[in-house]
């Protein structure tokens, strides 16, 4: 199961953080590190701070975009503070661990961490099914990147061990669509709404953001998503006649 957990770092600017994250991952049994457009490439400092987890660094997958890192994933959780202009379904770290361990039994799960200074952008966060916030001391809530990864990775491991102890079934088929399929649905929905005049090109972003939030909250299963796409195709066909 742990092999299905991806730790995704977006535009990391310090190689030392890559090494410290690798160490945090390996102590919890995680090995899949994805680096999205890193501002620096892993170097000797990253290897030194990995402290025995250099294999995690050496096997890291470097990609140009977040979409590439999320390809094939069934669940995506992004780290975020709670104060956002567009509210999103939130998880506590323990809930994040439980849900990640459950869904990683049948498909890859991505846990996404943002830039050291500014975190994830709103556009990046909208690609996530859930956001997770670490309830740190409000008077001093500063966590470095490796600390945040360690906390979330620990919760995933504990949830995984609990599932093993309880004898939970492994490798069950997921009812939920992959991230790629959801993105195709959103593109289809946007095309249909533009075609029917429900939204206009100058103002499509605000409506689509709210619709993304709606479907993220509802989280339709794969068969339900196919029904929705069938409805959209029917609307487009009728509109063209």
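Just so you know, glycine gets a Cβ as well, placed from its N, Cα and C.
Features reported for this protein in Swiss-Prot:
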| type | residues | note |
| --- | --- | --- |
| BINDING | 79, 80, 81, 114, 134, 141, 142, 143 | S-adenosyl-L-methionine binding site |
What are the sequence-distant neighbours of residue 80 (S-adenosyl-L-methionine binding site), meaning same chain, six or more residues apart, C-beta distance under 8 angstroms? 88, 114, 119, 120, 125, 131, 132, 133
Tell me which residues of the chain lie with their Cβ under 8 angstroms from that of residue 81 (S-adenosyl-L-methionine binding site), as long as they are six or more apart in sequence? 119, 133
Could you find out if DSSP has residue 81 (S-adenosyl-L-methionine binding site) as helix, strand or coil? coil
For residue 143 (S-adenosyl-L-methionine binding site): intrachain residues, at least 6 apart, with Cβ closer than 8 Å: 134, 136, 151
Helix, strand or coil at residue 142 (S-adenosyl-L-methionine binding site) [DSSP, three-state]: coil
Other C-beta atoms that fall within 10 angstroms of the C-beta of residue 134 (S-adenosyl-L-methionine binding site): 17
Please state how far apart, in Å and to a whole number, the two most distant Cα atoms are among 79, 80, 81, 114, 134, 141, 142, 143, the recorded S-adenosyl-L-methionine-binding residues. 16
Relative to the mean position of the Cβ atoms of 79, 80, 81, 114, 134, 141, 142, 143, the recorded S-adenosyl-L-methionine site, which additional same-chain residues have Cβ within 8 Å? 119, 133, 136, 148
Residue, out of the binding-site residues 79, 141, 142, whose Cβ gathers the largest set of other Cβ atoms within 10 Å: 79
Count of other CB atoms lying within 10 Å of the CB belonging to residue 114 (S-adenosyl-L-methionine binding site): 22
